[in-house]
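Colleague: First the structure, which I've put down as structure tokens, then a few questions once you've had a look.
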Amino acid sequence: MVKIIGLDPGISKTGWAIISLNEKNNIEFLGGGTISTDGKLGTGERLHIIFEQLKKVISLYSPNEAAVEKIFVNKNPKSSLTLGYARGVVILALKITKLTMNEYDANYVKKSITGNGHADKDQIIFMVKQIVKNLNIKCHHAADALAVAICHAYTKGSCFVE
């Protein structure tokens, strides 16, 4: 059985989701959530929280593969820089836990899930609920991470759209 962790990095909220694929390539949602940090904390403390919490998630679920959403350059350079810090911590956690990272552009993820590279958050949540039955997910960060994991399954040929 293949287990994939999908990640949507962010300094305030890092979304994560774990899926498994059985021998028939059916997707099962194993867990997901958001690692949140307090904006009142210093950057170093926030990054440490992301790192430690992500290591716990990886240890708990033992995924075989990892998929991370690439960052885009924002109009606000400071926001782009702090997003890059969060992404760096995610990459480090994956490296330390010996998971190979696969990266996907946000537009590619959206297109593979919804058919539209410019889909909004509600469309993504709607489609992941169509793909993964009996899913109760409300947070868009976790839904984005789930979309990244599903995109990876589709892209790597582990699974195909029916």
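The backbone N, Cα and C atoms fix where each Cβ goes, glycine too.
Worth saying up front: this structure is predicted, and the values here are computed from it rather than measured.
Swiss-Prot feature annotations, pasted as is:
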ACT_SITE  Asp8  active site
ACT_SITE  Glu69  active site
ACT_SITE  His141  active site
BINDING   Asp8, His141  Mg(2+) 1 binding site
BINDING   Glu69  Mg(2+) 2 binding site
Colleague: Reduced to three states, what secondary structure does DSSP give His141 (active site)?
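Modeller: The three-state answer is helix.
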Colleague: C-alpha of His141 (active site) to C-alpha of Asp8 (active site): distance in Å?
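Modeller: Pair distance, Cα basis, whole Å: 6 Å.
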Colleague: C-alpha of Asp8 (active site) to C-alpha of Glu69 (active site): distance in Å?
Modeller: 6
Colleague: Fewest other C-beta atoms within 10 angstroms of its own C-beta: which of the active-site residues Asp8, Glu69 fits that?
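Modeller: Counting other Cβ atoms within 10 Å of each of the active-site residues Asp8, Glu69, the minimum falls on Glu69.
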Colleague: State the three-class DSSP label for Asp8 (active site), counting H, G and I as helix, E and B as strand, and everything else as coil.
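Modeller: The three-state answer is strand.
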Colleague: Please work out the number of neighbouring Cβ atoms within 10 Å of the Cβ of His141 (active site), leaving out its own Cβ.
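Modeller: A 10 Å sphere around the Cβ of His141 (active site) contains 24 other Cβ atoms.
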